[in-house]
Amino acid sequence: MSDPIDDLLDAAESGKSIIKNRDILHFTYIPDIILHRKTEQEQVTQSLLPILKKSRPSNLLVYGKPGTGKTLVVKKVLSKIQERVEKSNFPIKLVYSNSKEETTLYGLLVSLGRQLDLKEKELPTTGLAISEVFKRLLNKIDEGKLNAIFVIDEIDYLAQLVAKTGKDILYQLTRANERLTQGSLTLVGISNDLTFKEKLDPRVISSLGEEEIVFTNYDVEQIKKILEERINESFIENSVQEPALNLIAALAGGEHGDARRAIDLLRVAGELAERQQSDKVTIDHVREASQKMEENKEEKSLKSFPLHEKLVLIAIMKANGSSTGEIYSLYKNLCKTVGKDELTQRRITQMLSEIELSGLISGRLIHQGIHGRTKKFKLTISSEMIKKTFKEDLTLQDIV
DNA sequence: CCTCCACAGGAACTGATGGCGT
DNA sequence: ACGCCATCAGTTCCTGTGGAGG
């Protein structure tokens, strides 16, 4: 009788691994993506060239779907420029920030400030007026005679935040140079949404969109090529079967050519194969990997929901495919049994559309004539998944 | 052809939290 | 000590609407 623990340890010790270099299997580690983005690299460089001539370049806007390597290319070009300029008396201060990671306008400005070496004391994480934070940023640039380049990733999110708060920070950012006497500020915006420009203030468009570069989607062939290169570097020879490769490319490339997803898929499939002590990555490994990634995502977002969202989800689960009203009364019952105050229906409607946005449920608007208008929701994930995940939650244990 | 249902979903507001400058 | 500011979750009030049934 073999001991499963021993088996695993034996396998690990014998060191038969089909992956020879793990690092290459992360999207950002080897920007071989760059190889496939020659023209775009040139374009980015071209439009930033004035920096080398010590004049301020135009603001730049970069578009492209997720996983097209736009951020990588921009970062690479900028760091090269920085390297080259470092020793001159015209050093560049590179500041990168991702609007999606910062949930608030304030947070974003602070993260920019931190990278300009503004300490806690000079720029507290809360308490100030937005305009005050902005003033301090500009002061720092001016006093330090900095030539700053702000790279703002997912700038469409920033635009949304700005719209919500009614501040015109984007406009002020693009025109900051008019207020600076010693330093300079260049803005590089990166956006997933090709239509986002239309939603902006025309004054912002005219200065931010001075230069525009679009990263087109990878097609399946290109994805395959990228994958092949990485497989050569990171796997033992012939360990990834051709059909498996094709499936990865099809899964990830099919919709919008997401190279990041393709590479993640390859890595997870590889790890799965390895764990099962297979010496080949097969089409089944890929399928399994795809499913596993999907489930992980679901579980993670399920866990991150606040209590009332979880209650709503349970209500939906108990009455799959029912209307907002039904879900709401079920939710109220659940609240009673766990002894929590119920929220208003308005709030629940909003939660429902938030959950819908996360993809765990899908809603369909239907008109029932005299019986009014409702949205019917159903789960897009299995109810087992919900049960399994919420079992761990003490307050929810009894009702799932 | 009109009515009226059962909500959708926008807007403005509230109250709490946390931290600033003066 | 005080007023001010940003943010968040939630509330209050509201207007809008496709079509079954009269």
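Residue positions begin at 1 at the first shown residue.
The backbone N, Cα and C atoms fix where each Cβ goes, glycine too.
Annotations in TrEMBL come from automatic prediction, not curation.
Residues annotated as domain 'NACHT' in TrEMBL: A:58-177. Among the features that TrEMBL reports, ATP binding site is placed at A:Thr68, A:Gly69, A:Lys70, A:Thr71, A:Leu72, A:Tyr218, A:Arg230.
Counting residues of the domain 'NACHT' (A:58-177) by DSSP class, helix then strand then coil, yields 60 helix, 19 strand, 41 coil. Taking the domain 'NACHT' (A:58-177) as a whole, pLDDT averages 88 in the prediction. The Cβ of A:Thr68 (ATP binding site) has 26 other Cβ atoms within 10 Å, all protein chains considered. For A:Tyr218 (ATP binding site), other Cβ atoms within 10 Å of its Cβ number 26. Its Cβ placed at the centre, A:Lys70 (ATP binding site) has 24 other Cβ atoms within 10 Å.
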